[in-house]
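Undergrad: Pulled the feature table from Swiss-Prot, pasting it below:
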- G169, D170, R171, Q172, T173, G174, K175, T176: ATP binding site (BINDING)
- S373: site 'Required for activity' (SITE)
Amino acid sequence: MQLNSTEISDLIKQRIEQFEVVSESRNEGTIVAVSDGIIRIHGLADVMQGEMIELPGSRFAIALNLERDSVGAVVMGPYADLAEGVKVKTTGRILEVPVGRGLLGRVVNTLGEPIDGKGAIDNDGFSPVEVIAPGVIERKSVDQPVQTGYKAVDAMIPIGRGQRELIIGDRQTGKTAMAIDAIINQRDSGIKCVYVAVGQKASTIANVVRKLEEHGALANTIVVVATASEAAALQYLAPYSGCAMGEYFRDRGEDALIVYDDLSKQAVAYRQISLLLKRPPGREAYPGDVFYLHSRLLERASRVNEEYVEKFTKGAVTGQTGSLTALPIIETQAGDVSAFVPTNVISITDGQIFLETDLFNSGLRPAVNPGISVSRVGGAAQTKIIKKLSGGIRTALAQYRELAAFSQFASDLDDATRAQLEHGVRVTELMKQKQYAPMSVAAQAVSIFAAEKGYLKGVELNKVGDFEAALLSYMNSEHAALIKLINETGDYNADIEAELKAGLDKFVATQTW
């Protein structure tokens, strides 16, 4: 075999040109203390706040306390086998979760890993869990509605796309039920949904997932789960993970709805982490930055303008706005809305829906207290027909509450007062609604029209529900074109009013209920 020196030299030159020296410099440290899911690490000189630290066994911790001679980190997962002297490494990365359409219809944990047994997720990339919220210039005012399907909410406390509307109340007052119904109502609206369950029982979450599947809403929803048995770090980070998944749709010119169920448990998990990290406690033993914990999360829910979407998608999507609407849930103790976390979240959000135990126990469900519930920006987003018709509903209920309290002391009431009481009690009865039965815009409009125009006057109180059901069935069969028009346009004019009136007059004259 003859060796050609020219060929050999060319080959050597080629190899030298292609040769790459790759050196990976990663800081290494040693665990010096482990307790309650918190590890203290010595020797990590080059670590960022919030950086992922690699532990043995494909686990990670997140650096939260950067001190002079050590780093305090919280372990994301089991920590029983970690001991003093174990070596750990920095990664140079902050926590990221998978995002994309492949997550729709799936149940994932805080890290975006599937826990529903349906195989791997086909994601469109990764997104950091902590992102700075869009600035003032990048936002657009809220002017499109999110229909929850609840008469009491859509008529009196309307929610717009990009709004943050708090659902607040004691335990067992229907907070989760309201949020789940809002998700079910988005089945055909094009709004993608994210449901974040923090610190709940696994059986409760399984029931929610089953209900979403039964009503055809799971295919449109991402469920992010951090159960009560999981590490405090995972419960604290779950809302941020869910938010990153929702922002994927917002930033691409679509609309998304996210439910945080609930932020009280997230605050408790964060308090636990902070106390274990020896951070100084403040009011109710919460750390000083618990307001920032929720404000930086809820500020990410917004409606962004066309320029933002166009810039983000590099021109792939033009002329479309995107939105992320948030429904945070807060659980109060014995109706105390002046506690630390409830007042914080009330001040951050654009309104709140108060659910009361007394109303719930009296059979008024949803147990919304219209007197202290408010939507600060949703009025601009309300559909035209509901806005026109619902003006008198809130007034009627407010007057009824006032007069009902007064009438307990007054024996003889004049006719006008008695009429107001009669009207108020019927409107209150009309606001009742079954769970998992969200109503369309047209159905709500017909019911409210009947109340506003005095058609409930001669109806017995215990027959109001039957009257409404029979009326909606009649209108759907006899005035299907009108119902379709209202659902599609949400418009209200003299022609629509005349047809609604004619339909109701004929129904009252000819039908029984």
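Each residue's number is its place along the chain shown, starting with 1.
Positions of Cβ are set from backbone N, Cα and C atoms, glycine also.
Quick caveat, the model's predicted, so the values are computed rather than measured.
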Undergrad: Please list, in sequence order, every residue of the chain apart from G169, D170, R171, Q172, T173, G174, K175, T176 whose Cβ lies within 8 Å of the Cβ centroid of the ATP site.
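TA: Here the non-site neighbours turn out to be E331, L355, T357, F360, A367.
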Undergrad: Near D170 (ATP binding site), which residues of its own chain have a C-beta under 8 A away, given they sit six or more steps off in sequence?
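TA: Same-chain residues close to D170 (ATP binding site) (Cβ under 8 Å, separated by 6 or more) are E331, T332, Q333, A334, G335, L355, E356, T357.
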Undergrad: Fewest other Cβ atoms within 10 Å: which of the recorded positions Q172, T173, S373 wins that one? Let me know.
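TA: Minimum Cβ neighbour count within 10 Å, taken over the recorded positions Q172, T173, S373, occurs at Q172.
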Undergrad: With DSSP assignments reduced to helix, strand and coil, which class does G169 (ATP binding site) get?
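TA: SS state of G169 (ATP binding site) = strand.
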Undergrad: Validating a neighbour-count step here. Other CB atoms within 10 A of the CB of K175 (ATP binding site): how many?
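TA: There are 26 such Cβ atoms around K175 (ATP binding site).
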Undergrad: Can you give me the Cα-Cα distance between Q172 (ATP binding site) and S373 (site 'Required for activity') in Å, rounded to a whole number?
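TA: Q172 (ATP binding site) to S373 (site 'Required for activity'), Cα-Cα distance: 18 Å.
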Undergrad: Relative to the Cβ position of G169 (ATP binding site), how many further Cβ atoms are located within 10 Å?
TA: 27
Undergrad: Reduce the DSSP letter at G174 (ATP binding site) to three states and note it down.
TA: coil
Undergrad: Under 8 Å Cβ-Cβ from T176 (ATP binding site), six or more apart in the same chain: what's there?
TA: V208, D261, I329
Undergrad: About how far apart, in whole Å, are the alpha carbons (Cα) of R171 (ATP binding site) and S373 (site 'Required for activity')?
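TA: About 18 Å separate the Cα atoms of these two residues.
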